[in-house]
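Copied over from TrEMBL:
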type   : residues : note
SIGNAL : 1-20     : signal peptide
DOMAIN : 40-145   : domain 'Ig-like SoxY'
DOMAIN : 179-260  : domain 'Sulphur oxidation protein SoxZ'
Amino acid sequence: MRIIRPTVICAVLLTTPLWAEERPSPMQPGEAWESLQFDVFGTVSLVETPGALSLDAPFRAHDPALVPVRVTQPADGARIEELTLMIDENPSPVAATFTLGEAMHPLDMEVRVRVNAYSNVRAVARTDGGDWAMAGRFVRATGGCAAPAGKDAEAALAHLGQTRFQPLSAETGGGDMRREAKLMIRHPNYSGLQRDQITLLTIPARFIDLLEVRQGEELLFSMTGGISISEDPVFTFRYRDNGAGEIVVRAVDTEGVEFGGTFPVPAG
């Protein structure tokens, strides 16, 4: 198994998404969800729960292959153990499933996804008490899964697996330190629907299907991914500092290539 070594970047930067103040775009009824709900969640009854979970995404995507989606919950909400991110009209509707550690509570996470057609984008959460919550937004975008890769295959493979961890902010409240950080991984995350722009041949699917992020030995989150996660995945998240002083990242793609590394967390 090939191991690719990481690089480290540390900076302090806090930004507000350009789409954060956009007009409301509630989820729309559709046939796709009727079958998906049973296929993915079985007989669980799922309804939107605005007080328990929120999802923000652009009203209209600037780039359908790089659509930012942020999922949050109130500070007094029940701890979420599992989060499934879904895009109803995508060829592979389950974008990712996250298992969340205790330090991720309350949840505040952003990830970039591909949106292939006008679609509901939804987050479905299961709490540690066995309750379910759902939030979503209707996003106007087309062609995200088949959009050409941002770089040619040779360039993409040359940098494949390069991983950066960027601390963004830290604040203390209630006796705990809460940090915000960004994890960036260089990977084409080929969807299997894209074409080589020179040969016009279909590029086989190749994507990150396992990601684990820990502080020391404690799990922050793990992800089972798919083709709906964007090229060069970026994860922005908040977590409670346990004093370990390091973040450990491990990722594996569908070709069995493993990458990641250990990244220091600055004190304070």
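Residue 1 is the first one shown; counting continues down the chain.
Note that Cβ sites are derived from N, Cα and C of the backbone, with glycine treated the same way.
Here the domain 'Ig-like SoxY' (40-145) is broken down by DSSP into helix, strand and coil counts: 5 helix, 49 strand, 52 coil. In terms of DSSP secondary structure, the domain 'Sulphur oxidation protein SoxZ' (179-260) contains 0 helix, 46 strand, 36 coil.
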